[in-house]
Every structure is written in C-alpha cells, then in structure tokens.
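Trainee: Taken from Swiss-Prot, the feature active site, proton acceptor covers GLU181. For ASP45, ASP84, GLU114, the entry in Swiss-Prot reads Mg(2+) binding site, with the evidence type sequence analysis. Among the features that Swiss-Prot reports, 3-methyl-2-oxobutanoate binding site is placed at ASP45, SER46, ASP84, LYS112, with the record citing sequence analysis.
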Amino acid sequence: MAKITTASLLNMKQQGKKISTITAYDASFAKLFDQAGIHAILIGDSLGMVLQGQDSTLPVTIEDMAYHTRCVKRGVEETLIIADMPFMSYANEEQALANAALLMQAGASMVKIEGGAWLNGTISALVERGVPVCAHLGLTPQSVNIFGGFKVQGRDDDKAQQMIADAKALEAAGAQLLVLECIPAILGEAITQALTIPTIGIGAGKDTDGQILVMHDALGIACNYMPKFSRNFLKDTGDIKKAVELYISEVSEGNFPGDEHIFK
C-alpha cells in the first residue's frame with residue numbers, strides 16, 4: 001500500500017471505494033493498524049474516555065493530543081494520520097493556528113475540528129497556512145452539554161437541512177474530509193451525495209464514503225458499553241491484526257455497518 005494522503009482519500013471517493021478509519025493512541029496499535037492496511041488513523045480526543053477514564057472528551061488538553069500524536073507517528077509508515085483538536089483549542093483563529101501547528105509538528109497530516117459553518121473562517125485560515133482540515137458534524141462530543149447527552153442528531157427536518165447546509169459551507173471553506181456522527185442513515189447519504197469531499201461515518205449509515213470506529217469498540221475492549229453503531233471484530237478473529245483486516249474488508253464490501261448498526 002502506497003502512502004495515503006488526502007488526495008488518496010478523494011480519489012477513493014471518486015472511484016467508489018470505501019475508506020476505513022480507526023482510532024489509535026500509541027505506536028504499537030498504530031503499527032498493527034498500518035500493517036493491516038487501514039487508510040487513516042485518528043488520534044481522537046476519545047482518549048479522554050477510553051484511556052483516561054473521563055466521562056467526556058472535555059478534559060483532554062492540546063498537550064495530551066500532541067503527546068499521543070507523536071506516539072502514533074512513530075508506528076505509522078503509510079496510513080494518513082489525523083489528530084483531534086480538543087475542546088476550546090480552536091476558540092479563535094489565532095488559538096487554532098497555534099494549536100494546529102503543535103499537532104502538525106507532532107506528526108499529524110490533518111487536524112479535525114467539531115462544529116458547523118461558524119468554523120468557516122477558522123478552516124480557511126488553517127488551510128491557507130498549509131493545515132489540512134477534517135470537519136465533524138452530527139453528534140459532536142465536545143458539545144455534549146449543549147445536546148444534553150450523547151444523542152442522535154438531525155432527526156427533524158429543520159436540523160437535517162441545517163446540517164446539509166453546514167456541510168456544504170465547510171467544504172467551501174476548505175475542509176477536505178467530513179466526519180458524520182450519530183445521524184440518520186438517510187441524512188448521511190444526503191450529505192455524502194451533496195459533497196465532493198469524502199465523508200466518514202460513525203453511526204451515519206452505510207452510504208457515507210467510509211467508516212470510523214473507536215479501536216476499543218472495534219476490538220471489544222470497551223469497559224461498560226458497546227455503541228449501537230459498533231461491532232466487535234476481534235470476537236470473530238481472535239487476532240488484533242486480523243480483526244482490523246476484517247473490519248477493512250467488511251467496510252469495503254458494504255457489509256458493515258449492517259442494519260442493526262444504523263439509526264433511522
């Protein structure tokens with residue numbers, strides 16, 4: 001597998017090939033996932049919950065993210081590395097530029113930020129200075145207190161139409177990738193069809209251009225709860241690398257997510 005870039009992912013969308021993405025937080029797992037052929041690794045601020053034992057992603061700092069990005073970078077040869085910008089690390093453009101620089105210097109090839117069209121100026125500023133951006137709509141975990149919990153988003157028509165408009169605006173601002181989380185499958189399909197850039201779904205149906213899972217869910221090592229949109233691939237294989245290879249295959253062939261993983 002050749003080195004994956006943002007251009008590679010766009011080419012996959014144009015060819016109708018599915019993109020497989022997973023989270024990782026250290027060199028050892030990153031190396032296994034890279035060798036398995038995963039297209040992109042996200043160093044997610046989900047580390048606050050799955051590594052640190054927090055009840056949300058809000059306590060995660062930019063220093064945490066830079067540390068884990070450096071760790072992942074050491075294990076990766078070909079996979080695209082995306083790093084989350086944590087809560088309040090991009091509250092204004094100046095702050096966003098400084099913190100994105102930390103993550104890029106730590107080894108990221110792209111940064112991910114959560115939010116709608118209000119981020120247009122920030123995204124443009126980052127892209128103009130050479131920082132590729134992955135946007136994130138739907139259930140954005142950094143806004144959990146606004147949503148009143150981890151809930152499916154975009155179920156009523158007004159909010160669905162707003163999300164489509166936001167997605168188009170984020171693409172126009174320069175975002176090169178879009179994560180869609182916990183939205184009805186029909187909305188995931190509509191947004192994907194409306195955009196030129198690839199969409200990566202997590203609980204967003206099977207018609208997005210790719211899928212992403214938190215590694216702890218995909219490997220069945222989540223402590224207390226398996227999300228509806230996830231599947232334990234390790235249970236089917238008994239081997240971590242084979243589990244990720246199965247995940248990639250199931251996404252590629254359109255078998256994952258199945259109907260049982262989809263929100264209506």
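Cβ coordinates come from backbone N, Cα and C, glycine included.
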Trainee: Between ASP45 (Mg(2+) binding site) and LYS112 (3-methyl-2-oxobutanoate binding site), how far is it from one CA atom to the other, in Å?
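Mentor: Per the Cα atoms, ASP45 (Mg(2+) binding site) and LYS112 (3-methyl-2-oxobutanoate binding site) stand 10 Å apart.
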Trainee: Neighbour count first, Cβ atoms within 10 Å, every protein chain included; then name which of ASP45, ASP84, GLU114, GLU181 tops the list of recorded positions.
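Mentor: Selected residue: ASP84.
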Trainee: Quick one: Cα separation, ASP84 (Mg(2+) binding site) versus GLU181 (active site, proton acceptor), in Å?
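Mentor: The Cα atom of ASP84 (Mg(2+) binding site) is 14 Å away from the Cα atom of GLU181 (active site, proton acceptor).
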Trainee: Compute the centroid of the Cβ atoms of ASP45, SER46, ASP84, LYS112, then list the same-chain residues not in that set whose Cβ lies within 8 Å of it, in sequence order, for the 3-methyl-2-oxobutanoate site.
Mentor: THR23, LEU42, ILE43, GLY44, LEU47, THR57, VAL60, MET65, ALA83, MET85, PRO86, PRO141
Trainee: Tell me the Cβ contacts of LYS112 (3-methyl-2-oxobutanoate binding site) under 8 Å, same chain only and six or more apart in sequence, or just say none.
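Mentor: Counting only residues 6 or more apart in sequence, the Cβ neighbours of LYS112 (3-methyl-2-oxobutanoate binding site) under 8 Å are LEU42, ILE82, ALA83, ASP84, MET85, VAL133, CYS134, ALA135, HIS136, VAL179.
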Trainee: Let me know how many other Cβ atoms fall within 10 Å of the Cβ of SER46 (3-methyl-2-oxobutanoate binding site).
Mentor: 22
